[in-house]
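Peer 1: Residues or ranges marked as site 'Transition state stabilizer' in Swiss-Prot: Arg13, Lys20. According to Swiss-Prot, the site 'Positions MEP for the nucleophilic attack' annotation covers Arg153, Lys209, on the basis of sequence analysis.
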Amino acid sequence: MHLLIPAAGRGSRMGADGNKLLLPLSGRPLLAWTLAAAAQAPSTRWIGIIGQPMDEEAIRLLAQKLGLRVPVHWIEGGETRQQSVYRGLLALPVEAQQVLIHDGARCLASPALFERCAAALAEFSAIVAAVPVKDTIKQVYPQSRQVEKTIPREQLWAAQTPQGGNVGRLKAAHAWAAAQAVAVTDDAALCELRGEPVQVVPGEETNLKITTPADLLVAEAILKTQLRQDPSP
């Protein structure tokens, strides 16, 4: 499986000056946990990290120190995540048929989750890891913040990554979005807008996206528990 990891990760909400993916988490940079888990998935055979030029040296060194069993390639990203993913798709080897896309900030995804998503692509043309919503969701008027209605949660799932699909179709979807100035927050949404079915793959409750300092504390606690159970990360 070919894997793209968007890793721009500006740390404004973390209170960090640089890339939040280079912040320490349980003794190693946050991105190192993401890479290690991805490389441990048996089907992973190629990883492309998409980032900004100012982070290239640090990320290259990080990947080198990990000594991963799969090749890791650097891809210069664009101004937005969507542009960066498109650049990543264009940089894939010509033999790539399916691709997974995983946010670098989701550093707790397990190798098993990568494998489930890769296996699903043998059957479905587009997939997204997701978990059922547990909270009650309120739709709110934006100006007054008054509740408009409560949305039944039985059919609601919280999207995660990995997401992925057929390389040709994803390239076409991103090219279409660029031409039409369509902006989305994840790759599955592009497939949806193009009328393509997207299959949900059961995600993981621990697969949180590190966005705030509180997320970092939660991730630290989860990792400590996991490392006690299995000391080899």
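Using the three backbone atoms N, Cα and C, a Cβ is placed for every residue, glycine included.
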Peer 1: Would you mind listing, in sequence order, the residues at least six apart from Arg153 (site 'Positions MEP for the nucleophilic attack') in the same chain with a Cβ closer than 8 Å to its Cβ?
Peer 2: Pro132, Val133, Lys134, Asp135, Thr136, Ile137
Peer 1: Provide, as an integer number of angstrom, the distance between the C-alpha atoms of Lys20 (site 'Transition state stabilizer') and Lys209 (site 'Positions MEP for the nucleophilic attack').
Peer 2: 11
Peer 1: Give me the long-range Cβ neighbours of Lys209 (site 'Positions MEP for the nucleophilic attack'): same chain, 6+ apart, Cβ under 8 Å, in sequence order.
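Peer 2: Correct list: Asp103, Ala105, Arg106, Gln160, Asp215.
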Peer 1: Through the lens of DSSP with three states only, how would you label Lys20 (site 'Transition state stabilizer')?
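Peer 2: Where Lys20 (site 'Transition state stabilizer') sits, the three-state DSSP reduction gives helix.
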Peer 1: Taking the Cβ of Lys20 (site 'Transition state stabilizer') as the centre, count every other Cβ atom within 10 Å, in any protein chain shown.
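Peer 2: The Cβ of Lys20 (site 'Transition state stabilizer') has 28 Cβ neighbours within 10 Å.
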